[in-house]
Amino acid sequence: MLGLFIAQVLNGLLDGTYYLLIALGLSLIFSLGGIINLAHGAFFAIGAYLALVITPYAGFFGALILVPLIVAGLGMLTERLLFTRFYRIDPLYSLLLTFGLAMVIEQGLRWIFGASPQSYNMPDVLRGQVFLGDFIYSRYRIFLIAVAALAVAGLWVLLNRTSFGRIVRAGVQNPEIVGALGISLRPYLSVVAGIAIGLAGLAGVLLSPIYTVHPAMGAEIITLAFVVVVIGGLGSFWGVIIAAVLVGLTKGVLVAVGLSSWSTAAIYLLMFLVLLVRPRGLLGERILRFE
Amino acid sequence: MTTENTTRRGFLRTGAAGVALGVAAPAYLRAQAAPLKIGHLTPTTGFLGPLGEYAQMGIKLAVEHVNANGGAGGRQIELIMEDSVNPQTASTKAERMFERDQVEMIIGEISSASCLTISQVAARYGKCFINTGGNSDSLRGQDCNRYMFHVETQNSMYVNAEGEFFRSQDMVDGKNWYTMTADYAFGHDLLSAAKAFLDANGGVLVGDDLVPTDATDFSSYLLKIRQAQPDVVALNLAGTQITNFLKQYGEFGLDFTLGGFGFDTVSAWAAGAQNFSGTWPNVWNHLVPNDASQAFVQAFTDAYGKPPENQAWGDYNAGLIMARAVAEAGDAGGDTLVAYLESDEAQFDLMKNRKGYFRPSDHQLIQEIYAITALPAGEAQNQWDIFTTSEPLPGADQPLETLAQSVTGGTCTL
């Protein structure tokens, strides 16, 4: 019984990874441009559908590389055409914009591919299970977690160890000073939106072999991703990671002890408690211009 | 009826639908009769959207076939279709259809909650509502209604059919069952019917997990099931949750006998041949081997480029049934239709071995249903034919009402 409990805790820890890629992107777009991207889940769905289209030609691993790049391109385009008009005005407008965009994308997918869910399989090499003593785990999920961890590590290096990252972080705190130094933030905003939305696309490819590919899949995942961002604290890299782990753990443990019907409610309760004690989230930074 | 046509036009020319149902009328009637307006409501967005899409395809094809064969008692059908969205919107739209569009009846729905609100509006206007997709037992029990008829089979009948199948495999008496139940009315309904069946037949329920409706990941549950080592894992889930579960069940390498009490073919197709496993109940499927079914499959495939799902069967047949009812009863008034549908002559060809009829006590269409069993992954020839269908249930030697004998959901007083 103890073995099972430990297995559940481990699984819960890993479970958080699935929202992590989406939550990190959400947090990134918000902290730099102040835009709450409700269409983030829709880009996740685009990623999954693109995987469906590209896999027959390039295989799963080809799709794993191509799809995030294409989705990132779409993200940069979206930033250029739409987001730029909303950086300086009330966030309510960008909420409406991205909410509308999410619906347009979802209906677009329904229009092109039909409402019926599509079948998508994992590659044969990743099929099967791994046994670690009493703990059984899917080989595919270990691969998924490894890819996600790699992407997150890459993002961390980019933001913390490169000149690109230094300007982005300075832009988050004080865009005026960055401007005064003669650096235009606009290309940085585009690239950051591209990376953030590309991560959602990557999540789309990674999750389509184990979830159902259907037009509303983005709406399905976005709420939980938001909860993760809110718990972790908007703009905080590590906060989002800790929150993702906490959310996965809460779910896993409640299922393990037989309270599965509470597993979703408990996550919102967790958010409520965190906000009660720390209104900015666990590691939320004080961002002057949003105060 | 035997039709060997391979094109839709050919199908229409032979008038397969018309011959089967006798809705054709003399030409002089056709010229003067006012069109018969039928409202169709079903969710086309949200988690039931995939089924709703098939429902709309089914009813459109039915109307096309009926009209091409002279209409319903000489009246051409005019179809008004809308997305029912949710119970409140469904009620508003039903009201508008009766009031503004002057429809004679409403066909459709998948959500049992929306069925309830539409049926209340229909009763107020004294018009018929034909439920083609709501499974809830209480719609046929405590919430039943004089003007509501059910082409869709009810939960208890599915449970009894699936249970009978497992009993014939010796998987019930003294066997351990583990169930996963969607945490809303539909799942709870199935669970209570499943418990009743297990109790009556000596099955042991060793575990049941309630699954929140927005859960997409089942890894925690799968670890528990693996620990419990049950003989049978049975799902009381719906829609994409079934598909997600099927994909992850294979992913975690579990191989306990799998089945479920509620099912739609679209979930199997979405899981794909690689992941689909187990045995599942089904009101009808595209592999039912008789001429009428295969003619329908052919006509549907010609029209839409893919075989019909069980939901398409429901709305197509509801369309044909009501067209014939109007023709036979001579009028589309609610009370006239109720009297006809409750009568002994109202026996319908449902593309199955035996004809079906609406049970007068609760308006449930009593009919044969099926169980489908997944083919081993390597044996599927294409993306659609990934399972085999059982013989009709109940078997030919048993009365048609066998599966509808013990049902939950309260008592119906019409």
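Using the three backbone atoms N, Cα and C, a Cβ is placed for every residue, glycine included.
Small disclaimer: the values here were computed from a predicted structure and weren't measured.
According to TrEMBL, the features are:
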| type | residues | note |
| --- | --- | --- |
| TRANSMEM | A:18-39 | transmembrane segment |
| TRANSMEM | A:46-72 | transmembrane segment |
| TRANSMEM | A:92-113 | transmembrane segment |
| TRANSMEM | A:142-159 | transmembrane segment |
| TRANSMEM | A:188-211 | transmembrane segment |
| TRANSMEM | A:223-247 | transmembrane segment |
| TRANSMEM | A:253-277 | transmembrane segment |
#### Entry: In contact by Cβ distance (the transmembrane segment (A:253-277), the transmembrane segment (A:92-113); 3 or more pairs under 8 Å)
no
### Message
As a test: from A:18-39, A:46-72, A:223-247, A:253-277, pick the stretch that has the greatest number of Cβ pairs under 8 Å with the transmembrane segment (A:188-211).
### Response
A:46-72
### Task
Compare A:46-72, A:223-247, A:253-277 by their Cβ pairs under 8 Å to the transmembrane segment (A:18-39) and return the stretch that comes out on top.
A:223-247
